[in-house]
Amino acid sequence: MSGARTAHALVFLLGCSALALGVCSASLEHGEAEYYVAAVYEHRSVLSPNPLELSSRQQALELMKQNLDVYEQQVMAAAQKGAHIIVFPEDGIHGFNFTRTSIYPFLDLMPSPRLVSWNPCLEPFRFNDTEVLQRLSCMAIKGKMFLVANLGTKQPCLGSDPGCPQDGRYQFNTNVAFSDNGTLVGRYRKHNLYFEEAFDSPADVDLTTFDTPFAGKFGMFTCFDILFFDPAVRLLRDFEVKHIAYPTAWMNQLPLLAAIEIQKAFATAFGVTVLAANIHHPTLGMTGSGIHTPLKSFWYHNMDDPEGHLIIARVATNPQGLVGTENTTSEMDPSHRKFLKVLSGDPYCEKDAQEVRCDEAAKWNLNAPPTFHSEMMYDNFTLVPVWGKEGHLQVCSNSLCCHLLFERPALSKELYALGVFDGLHTVHGTYYVQACALVKCGGAGFETCGQEISEAEGLFDFHLWGNFSTLYVFPLFLTSGMTLDTPDQLGWESDHYFLRKRGLSSGLVTAALYGRLYERN
């Protein structure tokens, strides 16, 4: 592990900082901890029938009241279970598909909690156009819990402000946090907008935290933000946040960016707890919420049920996840020993009933599987098929080479492939990605590799690794029926990042290492 990489490992692989030189790997271990009760609600929002048409403030409040009434019901249901905090989704109160003009009646005036100490429920007349904030504040008091919600807000600006829009106001996609006594304790204005013409991105990134008596410091960001350095990574790096409140309105995109998949990957990679509340509109591909710790997830994904869903879970105040370790067991797992040998350049040897066949890692014989290209996540991946019951595969693109060392208890008729992408993603956002992905293909043809599927039967014991140019690598792990699994081990070995798993309980849909090179966006 290079000195530069070691110097930054504290940021991403919590616990690896103890290893100044040499091996930095991570195994998943539990530790004793205190707990709190968290709740997230996946909300089927009542939407405006005509979001492009201008309505009155009163009409807007009447629509939002329908959603807020559901919120209050869920707060009280969570209170009966002893919840300390509840998180609601992005766009859950006002909906979406507005223009900049048509959303205006839905916006509350938003003072900064850094400048103003305010309890909207107890001081309802202090500011005009704050009816939604008042209602949320009163819910927090009634439920005796911290509450995080998302709403649209407005802020007047002067013509002397060079960034002031022509209509004389800023409009923000805003998360708010209230304490259990109704005080406004946090405001976050979404930085990385996702085709949201109704809203502005703030000139300066909000790095928002709020303190709680039950779990210390929480951070907030929204939806698309999870893929970018600001605010998500900087918030963890600079403020030592261990818990994230994450409202989102996420449209699932398989095989690499389903909602619960990226939520869990973020929690595992950074060793934090993520309270993720998604909107529930299955016809739009929008579902997938969860309470994710580095080791365990309580999630909900349902494309059939039209109604919302409340998740409540008991989670550690100090999440335990990636713990830096050298091998301390008397006997190393045989598959991991084989991985280390292959990584060091030793020949990979495959045993059958008649002989032992060895191929040097750098030399591929004439029977090696063919390389092909297929579109995955709108990107041109280079792939090789995964054939046989065991093997070692390699596939490269630009500076990234991905490897798979695998064994299969039984063959299935399904086609799997190992894919690599190292380049700038340019569809539905622009950002640089390095990805190694083991995926089930949609059919028997190579051209189906990368298609969106959610059911699988194939079982693997495997190591997946690559020579990533970034520290920020997210382990994506999705199994049949939109279920989540956790790696047995993650970490760096000889400047390669790896994921190890044995004993899958259901068929593998996706196992991937999703690297982000933030500086090359």
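Numbering starts at 1 and runs along the chain as displayed.
Every residue gets a Cβ built from N, Cα and C, even glycine.
The active site, proton acceptor annotation in Swiss-Prot covers Glu90. For Glu90 (active site, proton acceptor), applying a Cβ distance below 8 Å and a minimum sequence separation of six or more within one chain yields Asn150, Asn173, Thr222, Cys223, Pro247, Thr248, Ala249, Ala277, Ile279. According to DSSP, Glu90 (active site, proton acceptor) is assigned to coil rather than to any helix or strand.
Taken from Swiss-Prot, the feature active site, proton donor covers Lys190. For Lys190 (active site, proton donor), the Cβ neighbour count at a 10 Å cut-off comes to 26, with all displayed protein chains included. Under DSSP, Lys190 (active site, proton donor) is assigned to coil, being neither helix nor strand in the three-state scheme.
The active site, nucleophile annotation in Swiss-Prot covers Cys223. Around Cys223 (active site, nucleophile), taking its Cβ as the centre, 26 other Cβ atoms fall within 10 Å, counting all chains.
Summarising the annotation, Swiss-Prot assigns domain 'CN hydrolase' to 50-329. Looking only at the domain 'CN hydrolase' (50-329), the predicted model's pLDDT averages out at 96.
In this structure, Asn128 (N-linked glycosylation site) belongs to neither helix nor strand by DSSP; it is coil. Sequence annotations record features per position, and here Swiss-Prot assigns N-linked glycosylation site to Asn128 (among others).
Asn181 (N-linked glycosylation site) has a Cβ environment of 14 other Cβ atoms inside 10 Å. Taken from Swiss-Prot, the feature N-linked glycosylation site applies to Asn181 (among others).
When other Cβ atoms within 10 Å of the Cβ of Asn380 (N-linked glycosylation site) are tallied across all protein chains shown, the result is 12. In the three-state DSSP classification, Asn380 (N-linked glycosylation site) falls within a strand. The N-linked glycosylation site annotation in Swiss-Prot covers Asn380 (among others) and is backed by sequence analysis.
According to Swiss-Prot, the feature signal peptide maps to 1-25, an assignment based on sequence analysis.
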How many other Cβ atoms sit within 10 Å of the Cβ of Asn128 (N-linked glycosylation site)?
-> 8
Structural state of Cys223 (active site, nucleophile), classified by DSSP into three states = helix
Take the C-alpha atoms of Asn128 (N-linked glycosylation site) and Lys190 (active site, proton donor) and report the distance between them in angstrom, rounded.
-> 23
Integer Å distance between the CA atoms belonging to Lys190 (active site, proton donor) and Asn380 (N-linked glycosylation site) | 30
DSSP output for Asn181 (N-linked glycosylation site) maps to coil
